[in-house]
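Colleague: According to TrEMBL, the feature domain 'Enolpyruvate transferase' maps to 7-428. TrEMBL lists Lys22, Gly94, Arg122, Gln169, Arg351, Arg393 with the feature phosphoenolpyruvate binding site. The 3-phosphoshikimate binding site feature in TrEMBL is assigned to Lys22, Ser23, Arg27, Ser167, Gln169, Asp320, Lys347. Annotation source TrEMBL lists active site, proton acceptor at Asp320.
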Amino acid sequence: MNVRTIRPVKGLKGEVTIPGDKSISHRSIMLGSIALGTTEITHFLEGADCLSTIDCFRRMGVEIERKPSCILVHGKGLRGLTAPASTLNVGNSGTTTRLISGILSGQNFATTLSGDASLNSRPMKRIMTPLNSMGAHITSLNDNDCAPLRIEPGELHGIHYQSPVASAQVKSAVLLAGLYAEGPTSVTEPALSRNHTELMLQGFGACVATDLHTDGTATAHVEPCKELFGQQICVPGDISSAAYFIAAALLVPGSELLVRNVGTNFTRAGFLKVCKDMGADIETVSQTFEGGEGRADLLVRHSRLKGTVIEGDTIPTLIDEIPMIAVMAAFAEGQTVIKDAAELKVKETNRIDTVTAGLKTMGADITPTDDGMIIEGTGHLGGASIQSYLDHRIAMAFSIAGLAADGETQIIDSQCVDVSYPEFYATLNLIGI
Ligand code: S3P
């Protein structure tokens, strides 16, 4: 067990450069592996989840070089992967599992996927249903709709899938399988989820389009593809990682922090909108675009926050930031209501439960609901011993809570931050804790 002690601090100053986006890093390895030619990836996130993706593709014959300044993926083409010698280990990574299942459904060899205890308890029926209806042969080895998954070769045909959830992982699994299918494939989701797969597939030469409907639903289309072509990818900073430092500067009195290289793709930027709704002082110092992805440097100053309501189409744009937002809400003035967020229950932990447990331990007034939580902001939290439940986002959100709390906070099993942000604590130390 690894315990990290966090003490309250005075003012956070200086600047932080945000590491690469986890979603884009995963996709750059996956698409690079099934493209022809070499894909060069800079600012790749070397977190445990993305390393799981690298390991899976290496074990299917892809040469992936980790250089000091970049990752080189020597792609095998759409049909060039080879059968792995044993089970592919997906670790803690839901993104690896669900997206790779789309690719593996189109291969002419069988594979088995398995991960850690958390991963093997997360729902996989959400991808098995659409992929099997395309002609894939995916079974849950323990017959519980969870991994380990066995994927046998199948002939794929395009479908239109009406997804019951706004999930980029489900959408991406179906679109990736669509590359291998006969006929076009499309996915309609109840609200637009992150669109990195669509943007990147386009960059790699696939024929992809998205329709945004007036009722808030969205449909992504993909055509079957002969080949993809290797690309140069500069991964923007992960807004989900930036959220911790933005929140830290907002919550700790006297702070003024420059947060550099924050990905601002509109399908991910809900956290920034909610911060503004809560009264945050965040100034965009510069903004650039590359490969369809925006990135910005943000100057964040300590602010008095007020409660807000977060619901509906906004939820998919900040789903991973909700633990951090809940902590901010506890420090704010007034009530915050988070609803339409039942997806929180199927993340690395049930985050309605794990956020509630942590905030209650720190003395917050929080009521869990079936699809979110209600928090009565009291302006302060008390330091406490907090279980991370091995969930990286719980560990990081409560570490930030500890910076602004009264007294000392301990984070139990804090090493789980390695999943998405291995330098998290080193970076906190740099800016003055
Ligand atoms: C991800 C999508 C989200 C998010 C996860 C990464 C992705 O999951 O929670 O951390 O890279 O596609 P869902 O799309 O299932 O909501």
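First residue shown is number 1, and so on along the chain.
Glycine is treated like the rest: Cβ placed from N, Cα and C.
Note: TrEMBL annotation is automatic and uncurated.
Where in this structure would I find these features, and how exposed are they?
Modeller: Take the CB of Arg122 (phosphoenolpyruvate binding site) and look out to 10 A: across all protein chains shown you find 19 other CB atoms.
When secondary structure is read from DSSP and collapsed to three states, Ser167 (3-phosphoshikimate binding site) falls in the coil class.
Within 10 Å of the C-beta of Asp320 (3-phosphoshikimate binding site) there are 23 other C-beta atoms, taking all protein chains into account.
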Colleague: Give me the non-local Cβ neighbours of Arg351 (phosphoenolpyruvate binding site): same chain, 6+ apart in sequence, Cβ-Cβ under 8 Å, ordered along the sequence.
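Modeller: Set apart from Arg351 (phosphoenolpyruvate binding site) by at least 6 residues yet with Cβ under 8 Å, we have Ile322, Pro323, Leu344, Lys345, Asp391, Arg393, Ile394.
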Colleague: Sequence order is fine: just name those binding-site residues in Ser23, Arg27, Ser167, Asp320, Lys347 with a Cα within 10 angstroms of Arg122 (phosphoenolpyruvate binding site).
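Modeller: So the list is Lys347.
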Colleague: Among Arg27, Arg122, Arg351, Arg393, please name the binding-site residues whose Cβ is nearer than 6 Å to ligand 1.
Modeller: none
Colleague: Fewest other Cβ atoms within 10 Å: which of the binding-site residues Ser23, Gln169 wins that one? Let me know.
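Modeller: It is Gln169 that, of the binding-site residues Ser23, Gln169, has the fewest other Cβ atoms within 10 Å.
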Colleague: Could you round the CA separation between Asp320 (3-phosphoshikimate binding site) and Gln169 (phosphoenolpyruvate binding site) to a whole angstrom and send it over?
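Modeller: With distance taken Cα to Cα, Gln169 (phosphoenolpyruvate binding site) is 13 Å from Asp320 (3-phosphoshikimate binding site).
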Colleague: Hey, what's the widest CA-to-CA gap across Lys22, Ser23, Arg27, Ser167, Gln169, Asp320, Lys347, the 3-phosphoshikimate contacts in the record, in Å?
Modeller: 19
